[in-house]
């Protein structure tokens with residue numbers, strides 16, 4: 001039985017109460033009943049550190065963040081980290097969180113904003129359910145189930161992927177447009193415009209999938225011959241979504257096309273299979289399920305899964321699985337009647353499955369170049385919405401008795417939330433992370449007392465931002481911890497993979513101890529930060545060289561266990577490094593060789609085995625020969641590898657030096673080098689290929705066992 005529509009003030013009071021209940025549930029799930037508990041991070045390793053850093057940056061540079069955060073003042077010393085090529089979505093949410101952090105502290109702000117997003121998700125579902133004339137108990141109960149579904153909970157720390165409050169109203173908009181009726185008014189058009197603009201500035205994946213689902217709805221409406229006036233909101237939505245997305249991400253898109261091979265986020269076409277949607281995972285419980293028996297099922301599935309990818313957050317739960325079975329059974333019964341009509345929810349499930357499966361539409365789009373959206377499995381959250389909308393509508397019609405309806409709604413909501421949320425309230429993890437956080441905060445406070453305001457700290461090992469993976473036993477993003485816990489220091493970490501400044505940092509980081517220190521002091525660094533976990537010998541050789549040179553550690557009594565920080569003597573008049581200096585380019589092989597061979601442009605990292613060392617390239621690559629002092633003659637020795645049907649041409653300027661097919665032949669090039677840097681261009685004439693098997697590269701040819709000799 002449908003409930004009457006409540007008066008508008010009562011509806012908004014109910015909505016606020018549902019949002020507040022959701023925030024209280026979040027506090028209970030994470031055991032946060034005091035400000036101290038809100039300030040204790042539940043996660044302090046890997047990707048969450050990047051989220052915390054973005055929040056802090058948004059608080060420090062709010063205007064720049066809203067405009068796209070082209071450069072970062074506190075990172076990338078001695079200059080600034082240029083993040084033009086890095087997508088920085090959800091700017092409004094991060095600026096609000098950064099502003100809140102000034103009042104509550106960074107960690108409390110992140111946790112509170114995460115709880116607020118849970119509240120928004122619940123409020124959005126509740127409003128849509130009440131608009132559908134659901135009884136309030138089912139609207140509230142299933143709104144909480146949606147807010148705390150596995151997907152939203154596990155993405156909650158990102159403050160980005162968990163913003164699924166746009167989904168329920170988008171579903172209603174699509175459903176209304178796809179059914180005959182009078183032309184929809186301005187309210188629907190404004191709703192479409194608002195949803196599109198919010199999604200456009202937000203998480204690109206959510207915008208992409210919203211475009212996929214609304215595009216599918218538009219095609220469905222056209223196939224049903226729905227009048228164009230009825231479909232107008234969908235046209236508005238798709239137009240505003242595309243325009244807004246391009247406007248908000250223009251710099252990143254341009255940067256990606258200008259530097260496709262060295263872009264900060266490079267994806268493999270094989271990832272399109274690894275991260276594809278797997279409908280079975282709607283039914284597979286997570287490995288950390290509250291019931292050990294269900295957890296064992298999840299672990300067994302994970303162990304036998306081909307390619308680990310991302311997993312467990314699409315779990316619908318027991319209630320959701322029963323609702324899905326009910327929906328499919330209902331569809332079968334309807335198909336046996338006349339006229340046959342497949343429910344919209346099932347059409348939606350079929351559409352996202354056809355889109356997200358390995359070999360589906362997203363795989364084809366990725367193969368055509370749109371591989372940045374590799375993780376089609378994330379579209380699985382849409383199944384949660386369709387299933388819950390079907391469940392609530394069906395049970396609301398079946399249950400006439402008010403007490404039975406209230407009791408069952410409460411029971412199912414409690415069971416579903418318990419089933420889909422892992423045990424997170426144990427304070428031991430938070431307390432351990434908080435102790436580690438405080439350890440870094442104490443240490444960086446001592447550094448700030450020992451160093452001048454605005455002093456620069458060079459961090460070893462040198463690593464790119466983002467997604468550089470683990471180095472030794474040092475997790476990714478660990479270099480962000482000192483930035484997160486300090487106020488005035490500037491750090492060298494933060495350069496994107498293709499930044500010229502990163503090449504300088506890597507060049508300096510490869511130098512032996514005395515030369516390393518001299519180079520850093522010359523440009524004004526006041527301290528050297530070493531994370532010993534990244535070194536096979538725990539940086540013993542480097543530490544001995546620094547101590548032998550008379551350099552002393554800063555605040556050794558309060559340092560975190562793997563960290564060593566040495567005071568340097570910055571030059572009174574620092575010199576800005578010339579980032580165009582060819583010496584800072586990537587060495588081809590041995591950085592100490594003379595003359596020095598340089599991988600100037602277009603080359604992939606060096607690979608080797610017991611018999612050879614080589615670098616791959618795609619279509620064109622530039623090799624440098626640095627001769628200091630000058631020499632009259634040099635001979636290059638190398639082999640060209642690759643598909644036998646292609647041809648590789650080597651040129652010096654306009655002069656063609658070699659034209660050959662890949663093979664086992666050893667080539668000798670005799671040169672009269674220029675004074676300083678000589679450049680040779682290797683050009684492929686033929687087709688490139690992708691090796692697959694988690695290798696994202698486009699390959700055309702390789703140069704193997706390259707060496708240079710001089711008289």
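Glycine is no exception: its Cβ is also placed from the backbone N, Cα and C atoms.
Annotation comment: TrEMBL describes 12-35, 92-110, 138-157, 178-199, 205-222, 234-254, 312-333, 345-366 as transmembrane segment.
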Selection from 92-110, 138-157, 178-199, 234-254, 345-366, the stretch that has most Cβ pairs under 8 A to the transmembrane segment (312-333): 138-157
Highest-contact recorded stretch vs the transmembrane segment (12-35), from 138-157, 234-254, 345-366, CB pairs under 8 Å: 138-157
For the transmembrane segment (138-157), sequence-distant contacts whose Cβ falls under 8 Å of one of its Cβ atoms, 6 or more beyond its ends: 14, 18, 21-22, 25-26, 29, 42-43, 48, 51, 110, 114, 117-119, 121-126, 129-130, 164, 168, 286, 312-317, 319-320, 380-381, 384-385, 388, 391-392, 395-396, 405, 409-410, 412-413, 416-417, 420-422
Long-range environment of the transmembrane segment (345-366) - Cβ separation under 8 angstroms, sequence gap at least 6: 212-213, 216, 220, 267, 269, 272-273, 276-279, 327-328, 331, 373-374, 376-377, 379-380, 382-383, 386-387, 389-390
